[in-house]
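Here's what TrEMBL has on this protein:
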BINDING   87, 88, 89, 90, 91, 92, 93, 94  ATP binding site
DOMAIN    257-312  domain 'Torsin-1A C-terminal'
């Protein structure tokens, strides 16, 4: 028979070991956990990522940094954070959403708490809008129940069938809870090319009037975007109750990129591949891009979207 002392000691050791292994800090070092309540974003890390990886978008950097940090530092926000990013392809919308997701959940788009929806993949058929709305509500409800600080990214909003996105309106509104679930710590991000033409025209007008690009302010563009996408039948936000109820916190404009910004993208891509940055190659890739207006060649019409493919041609150099 075992001595009572030995049995007690064994039970004590087992209990202590079980307690240590189940401690959140230990457990979450091996398994991804939802951030603890009250956990704040690292402001300097987010700023550094935006400064070092996102080029030519002073407005987007400033707006998103202030909005996200203000939201993170608020112990009791009244509603989820809702950002709508607008601009032509290749200007950095996807890039910024990835940076933000990585700051909230280190695994970024691979995180089980970050959810990416593509309009053409997840909601392709117009005759199934009612089904999509039900599925979307159930999906968001289940994931926010599991992690209040879930991030939801909706890409290709300009290809979204009108009405689908209105399904999430109750989750974005000023409610303490909806059916027993609080959505006030979640982040929702829309990505859309809609409004890009309006942004480009405003940028060209600034250039034509001799004003600096960096002097463009949010107030110069945000009203244009909100009205433009609300009345655009090719926008997933066409006559949306989300806009009508003023539930989008910021319409974030992404300006068209100049050649100097394209060069920054080329240098960053070369560095990411482990190459020594060669300015001749940087210039060659930038020269191969197409620009508008055709005569002045001010802005890249694809942003930095084809930089990687064009750099591949020069790899042997």
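Placement of Cβ uses the backbone N, Cα and C atoms for every residue, glycine included.
Values in this document were obtained by computation on a predicted structure and should not be read as measured data.
Per-site Cβ counts within 10 Å over the binding-site residues 90, 92 peak at 92. The Cβ neighbour count for residue 87 (ATP binding site), using a 10 Å radius and every protein chain shown, is 30. Residue with the densest Cβ environment among the binding-site residues 91, 94: 91, by other Cβ atoms within 10 Å. Of all Cβ atoms in the shown protein chains, 28 besides its own fall within 10 Å of the Cβ of residue 93 (ATP binding site). Mean per-residue pLDDT, taken over the domain 'Torsin-1A C-terminal' (257-312), amounts to 94.
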